[in-house]
Amino acid sequence: MVSIPSHFRWEICQTMMSKSTTQQDTFVWKKKEEKHRQRGETKIQPEEDDRLRQWELRQELERAKRRRMLREQGKVLQDKAKELSSSKSAKEDNEDWELLEEIFHAEQNLKKQEIRLSESRPQLVDLLAQNLRLDLDPKFVLLNPPYALLEKLPVERLKSLRDELEDEKSFAIALATPTAKGKRRNSVFDLLPFSPTDYWSDILSVLDLVKTRLEQQVTREPSSNNNGDSFQVIQEACAFLEEKTVEELEEMKLAIEKELSEGTAVDTEYWEFLLQNIDIFKSKFYLRKKHIQLLRQKVSLVDRILVSRERPNDVRCDVTSDLSSNQLHKLKESIEEVIKKLQANPNDPTIHDMDEVFIAQLKRLDNANISNHSIDNGDIKKEEMLLERERAKGLEEDEEIFMDEVELKGSASSRYTSEDASKPRKPKYFNRVLAGYEWNKYNQTHYDHDNPPPKTVQGYKFNIFYPNLADPSKAPTYVVEKTDNPDICIIRFSAGPPYQDIAFKIVNREWERSHRKGFKCCFERGILHLWFNFKKYRYRR
């Protein structure tokens with residue numbers, strides 16, 4: 001085989017490459033050109049064809065970019081809408097939770113009010129509220145207008161009563177307020193002819209004015225002469241104002257202010273006294289009007305109960321009464337007589353003589369230092385003091401107030417006799433439930449701190465007050481009873497006279513009984529403390 005020198009090989013390669021390049025540059029697709037001529041199309045050079053394809057590709061790329069930007073913008077707007085919707089929903093839920101908590105406390109207050117009235121140990125605010133309660137036995141009625149009670153109280157008691165009345169007003173507002181979703185719970189006040197909020201507002205107005213008048217009487221130095229005559233003049237002035245309507249009182253107020261400003265009044269002290277008391281009598285007028293409406297509602301309730309007893313198959317009444325039919329008729333007559341006297345002469349002193357129930361309730365009041373009455377309420381004060389002291393400690397971060405009380409059948413109070421030191425009653429208490437998050441494997445996988453899992457009950461703190469035990473050497477006891485529901489059990493607390501058994505519904509789980517893990521069970525200074533946490537089970541392979 002003949003070998004080719006290397007420099008010839010290089011020249012041959014260069015020649016072949018140049019020919020190949022020339023052929024590529026001068027290649028003409030004759031068939032395609034013929035086809036274009038037959039169609040009458042203009043000749044398109046390859047370079048122009050490439051530029052056209054590149055332009056089309058750029059246009060398609062721009063369209064793809066715009067579509068992607070629109071998708072991203074739509075996703076951002078969608079995420080913002082979701083975030084806004086979730087925040088709005090969360091805000092509504094939070095608002096509802098706050099309102100539902102207020103409603104819960106209001107309903108608990110109504111239950112406690114009912115219990116105190118039924119056990120003949122009403123507080124002062126219970127007497128003022130009982131005419132609003134058309135869901136209770138009609139025997140719980142206040143015949144006298146509420147201001148008759150307020151005018152018997154000293155300044156110190158009026159100040160403390162004001163806070164209680166404010167609570168009642170806030171409870172009434174909560175029960176009447178719809179949730180963020182527009183729903184509202186049925187309330188015991190739905191049958192009233194007016195809003196209970198207005199009722200409490202009128203009582204607060206009268207209370208403030210009576211308190212102001214009493215404070216001024218204390219600071220004003222009594223006149224040395226004609227004390228008896230002055231007292232008689234004051235009584236006559238009050239009787240005069242009591243008979244006036246609101247319009248007449250307004251006219252009188254303007255006339256007195258004009259005379260005092262012009263200096264034409266002869267007895268300025270008398271006219272100043274009238275001016276100070278006009279607002280009181282205006283508020284008393286509104287309150288008396290509402291009081292008469294409530295008494296008429298009580299009469300209607302008595303009528304419904306009587307008719308339901310006479311015709312049980314035809315008429316149904318949700319409210320029952322412990323009174324006999326004769327007693328109900330007598331109660332109805334008493335209420336109607338009070339209504340007539342209030343309408344005829346609001347200042348009639350015989351109205352006060354008719355309210356035997358009212359006077360009997362006054363003597364059972366706790367913390368109501370009624371003038372000219374000596375009420376022995378030391379035991380009640382002691383329990384209230386312990387309760388307020390425990391309440392003042394407040395709640396920790398994971399604690400909530402616990403009041404899931406259970407009504408017991410065959411209460412231990414049935415064993416007590418009339419020889420006991422005082423009437424059987426339930427002890428007061430201030431309990432807490434510990435609620436928190438369990439960060440087990442499942443919750444760690446499905447939740448985080450921004451979206452936590454539902455809270456679970458982790459323990460309880462029971463504080464039950466027995467300061468007046470007949471035999472303080474015997475400590476109260478507790479027992480846990482099973483129920484039909486395996487997840488729930490009943491814990492019952494028992495003590496000696498004068499206290500009844502009391503029970504609560506709790507979660508049925510195993511307790512931690514180590515003091516190092518929060519367990520506490522002791523009876524000291526009249527308080528039974530039972531604190532415990534539930535055991536936490538951890539998964540192990």
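Placement of Cβ uses the backbone N, Cα and C atoms for every residue, glycine included.
Nobody curates TrEMBL annotations by hand; they come from automatic prediction.
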Checklist entry - Which residue range, 72-93, 402-423, is the one TrEMBL calls region 'Disordered'? => result 72-93
Item to check | Residue distribution over DSSP helix, strand and coil in the domain 'Splicing factor Cactin C-terminal' (419-541) | outcome: 9 helix, 53 strand, 61 coil
Next on the checklist: On average, what pLDDT score does this prediction assign to the domain 'Splicing factor Cactin C-terminal' (419-541)?
Outcome noted: 84
